[in-house]
Structures are given as C-alpha cells and as structure tokens.
Amino acid sequence: MQSEFVEQKQGESRSSSVTPDLASDKPVGNDLEGGQYYTGFLRRATQLLSRYGIETHGIAPVPAEERIDTRWYQMFFVWFSVNMNIGTFSVGTVGPAFFSLGVNDSIIIIVVVDLVVCLLPAFSAVFGPKLGTRAMVQARFSWGYFGAIIPAVLNVFSLQGFLVLGCIIGGQALASLSSHLDDTLGIVIIAVITLVVTFCGYRVIHWYESIAWIPNVIALITMLGVGYPQLRDNQSTPVSQATVAEVISFSSILTSSIISWCTVTPDYGVYHSPAASSTRLFLYTYIAFFTSNVACHTLGAAFAAAAPNVPVWNAGFNNSSSVGGLLYSVLLPTGAFGKILVTLVALSIPSICAPNMYTFSTSFMTMAPWFAGIPRWIYILISEAVLIPVAIIGAKKFYNTVVDILDLIGYWSSVFAAIILTEHVLFRRASFSEDQYPITTWASYTLLPSGIPAVVAFACGCGALVPFMSQAWYVGPVARHGSGDVGVYVGFVVGAITYALARGFEKLWYKKMNKSDA
C-alpha cells in the first residue's frame, strides 16, 4: 500500500531539510532534534540501507506538501487488517476461558464494548493525516516536550508487550500443524517475519497490511461453517449466572485491547492528504476497528465457550492455553485445506506485530534528542532481541500473560487517551488548524505547553485507578469487594476531569501573568 507514493517521497526527502541527503558529505540523520546526527558506522549503514529502499525517515512531522496521498480508504484496510486476525480472536476467548462467562453473556459484552471503545482509536487516527505527526510527537502538544517522555517510555514497554502476545499466538498456531514444530520454533518464525517487514519500513508495512486480512477472513468463515453444528448445540448448555465482577473484568480486557491502539493509529496516516474531512477519516477507521474487532471477539468467545463440550476442540485448546491449537482443531475436518489456512493465518500474525514494532522504534526515538540520533532500524533490532526470549517464557502461561499485559497497558492508555481528547476538544477547539497546532514548534520545549497539567492528570488518574485494580499480583480494596476491575474506566474519567481543571487553571494563570500559552 502507498508504495509508489512513499518511494517517491522518500527519494524527495533525502534532499530536504527533514532528512539530510545520504549521498552528501554531511553527517547523516533523521529529522534530528538538537542538531544531532549519527556518523561513522551508523552513517555508512544507513546510506547502504537507503539505497535498497529501506525507510530512513524518523520522527519529524511530515510537511503538508508531502502529505498528498488521497487514497483515504486505505485507512479502513490498514486497521481492518491489523485487527482481523487470530490475535483479536484470542482476546474474545478470554471471556469463557478465563472468566467462565457463557457465550451469550460474552457476545453482549463484546458488542457493547466494541461499539463504544472503538471510537477512541478512530479519533486518534485523524491526527495522522491532519497534522502529519507520529502519536508520541503529537502528544507534546498536551504533555509538553518533557512530559511527553512519560507516555513515550510507557508506549515502548506496552508495544513490546503486544509483540510478545502476537508471537505467542502465531507460534502456537504454527506448532499445532506438526509434532516437529513446538511453540518456541513457531515464535522464532513469527518474530523473524515481523522483523523483516518492520525493518523495511512504512512502505512495506502498508503493502503487507493490504493483503494480510484475506486468509484470516477465509479462515474465520470456514471455521464458522465447519463448527456451526457444535456452536449451535452449545447454546443449550447450561452455564452459571455471570457475576458483576466477571462482566466488568472481561469488558476491561476488551477495552484495554482496543484503547491501547490510540498510541499507534496516527503513525499510519502521516502521508495521507489532510484535505479529507475529519468525519470521513474517522468513519473509515471506526468502521474498520468495529467490524474486525466485533467479528473476531465474537467468534473467539463462541468457540472458546463450546470447546469444553467438543473433545477434539478441547484437546486442541490444551486446557485453554493454545488459541492456535483451537483454530487447528476446528479446521481439522477440512484436511489439507485447513492446514494451509492455519499456516496462512499464523504467518499473517505480523499484521498486528509489525505496526507495534514500528511504533516501538518511533516512540523510543521520541524519548530524548539523543535517541532520535540513532536510526530507526537499530531499535527494530533491539525489539527483536528482547521479543524472542520473553515470548518463549510467556507462552508457558498464556492466559495469565494475556490478562496481565492487556490490563497494565489499558490502565495508562486510558488516561493518555483522556488527556489527548480533552486537550483537543476543550482547548484546541476541535480544530487541526495551524494556529491550534503550530507543528513547527514540535521540537521546541520553550514553545510547547508546559505539560504540567498532563503530568498532574496522569498521576491523579493512575492513582485513582489503583484501588479498582484486580490483578493476580494485586487486588485493590474496592475490587476486593466484588466490583471487578474497573480501573481502566476510573482512570479515563479522573484523567479527563483533572486535566480539564488543571489545564484551565494554567490558562487562567498565563492570562493573569500576561504570558503566552502554547
């Protein structure tokens, strides 16, 4: 996707002020803050990679004259592909497998949560085409230059967590195909494919996302057709009444898995033209998120709920610890065709991993000026080196790993999203105009907001959610009384209210002191 466009723009950018000319004698770098450039080996390696079409652009906002791609429908296909996979399917299985919810309860929760929460990443995606900024760079317009280091650091760890989950799921799917393959080898294969796709950069990621959804849609439709009799019979199986805590905790898992994309979605529209209306960009992304998430979550819940009553499925599911095995066991009656589908589904897991690894690198570069002086591909290699051993260890306790990672990411992501939303709606007049977002100030801490209200709101939001947490390693006093894990929701509400008050007070103070406000 966007191949011709990005190739052309990468070529143009090498002679622009954004990225130094790799063929010149100047020190080579990206869009470096503080005038820092990488030299020596990094310079020579980047020159070589650039000649072979590897992306070398860093974190500087893409200028308006370079945001000319009018194929806005691609924002649908990119996010449909990212979410239409076995990774999203596995989140749906958490309801029956981890919280012992019935299929009907699970599906009702899924539809309601997906319908509402998908609004947030769709809102965030609009910033990409409108401003041309990466998510963590855009955060500086509310968090300030130094305050934005906080979400950048958290995003690095969060995205690495998602990479771990993706590789575990893909590795299990591959391992289910043959006794000669185990989870470890499967994880390594998925991790290497993710590395190759991400290393090449933006252009290759978009191309991969344009086709990765196809085998997944075919596989899910086939699973529904093959497994429908068992799914139908499971409807009459009695289940215990769902408790409030179980319902809320499952909804929190779903919310966390979706809201965490708020820190990623802007990165994949930075080359699209800002000429489209915000509503159009929003709808493309929202429809993509909702249709893919509700389909995968619903089918995941349905098959996980039915698995205990179908011996073959239950054996494949391996005591609710192998989503890949469940997928393979359902498709077993289709013979060789099913094996091909499982293989393609597993090999499409990088569709969710590649954007995470790519934004891992740009988030790392945003943490400090000297990090921006290191090329993106170095961070890709660092991510890969951490990913493989952690995923191999995490695979041994899959569902505990899923719940712990998603909840922890959801906690801080909800407060982050609340701050970005509140700043844009209340203090930027819901406008993307130059006077509201002076993009040229993106690297100047003196011209950006102080970030104090954001840091205060983040601290208050995170502090307020602690009593409502419910984790294996910690249960807050409120959650202990049976409320379930509502921390992600409490964090969002408290973060939004606190930020609105603190930012409003800051603006009044600036006005009283006759100081300009960013």
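From the backbone N, Cα and C atoms, a Cβ is placed for every residue, glycine too.
TrEMBL lists 1-12 with the feature compositional bias 'Basic and acidic residues'.
Among the features that TrEMBL reports, region 'Disordered' is placed at 1-31.
Feature annotation from TrEMBL assigns transmembrane segment to 76-101 (among others).
If you look up TrEMBL, you'll see 107-127 (among others) marked as transmembrane segment.
Annotation comment: TrEMBL describes 148-173 (among others) as transmembrane segment.
Taken from TrEMBL, the feature transmembrane segment covers 185-204 (among others).
The feature transmembrane segment is assigned by TrEMBL to 211-228 (among others).
Among the features that TrEMBL reports, transmembrane segment is placed at 248-269 (among others).
Annotated transmembrane segment per TrEMBL: 281-306 (among others), in sequence order.
Under the heading transmembrane segment, TrEMBL lists 326-349 (among others).
If you look up TrEMBL, you'll see 370-392 (among others) marked as transmembrane segment.
What TrEMBL records for 398-421 (among others) is transmembrane segment.
Packing against the transmembrane segment (442-466) from elsewhere in the chain are residues 33-34, 60-61, 133, 137, 140-148, 150, 369, 411-412, 414-416, 418-419, 423, 476, 487-488, 490-492, 494-496, 498-499, 502-503, 505-506, 517-518: each is 6 or more residues past its ends and has a CB under 8 Å from a CB in it. Under the heading transmembrane segment, TrEMBL lists 442-466 (among others).
What TrEMBL records for 486-505 (among others) is transmembrane segment. Sequence-distant contacts of the transmembrane segment (486-505), counting only residues of its own chain at least 6 positions beyond either end whose CB sits under 8 Å from a CB of the stretch, comprise 142, 248, 252, 255-256, 259, 407, 410-412, 414-419, 421-423, 426-427, 452-454, 456-458, 460-462, 464-466, 468-470, 476, 478-479.
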Selection from 107-127, 248-269, 281-306, 326-349, 370-392, the stretch that has most Cβ pairs under 8 A to the transmembrane segment (211-228): 326-349
Stretch with greatest number of CB pairs under 8 Å, the transmembrane segment (76-101) reference, 107-127, 148-173, 248-269, 281-306, 326-349 candidates: 281-306
With pairs closer than 6 in sequence left out, are the transmembrane segment (148-173) and the transmembrane segment (248-269) joined by 3 or more CB pairs under 8 Å? yes
Using Cβ atoms only, state whether the transmembrane segment (107-127) and the transmembrane segment (281-306) have three or more pairs under 8 Å that are 6 or more apart in sequence. yes
Contact set, same chain, for the transmembrane segment (185-204): CB under 8 Å, 6 or more residues outside the stretch: 2-3, 6-7, 10, 53-57, 163, 166-168, 170-175, 268, 271, 324, 346-347, 349-350, 353-354, 357-358, 361, 376-377, 380-381, 384, 387-388, 391-392, 395
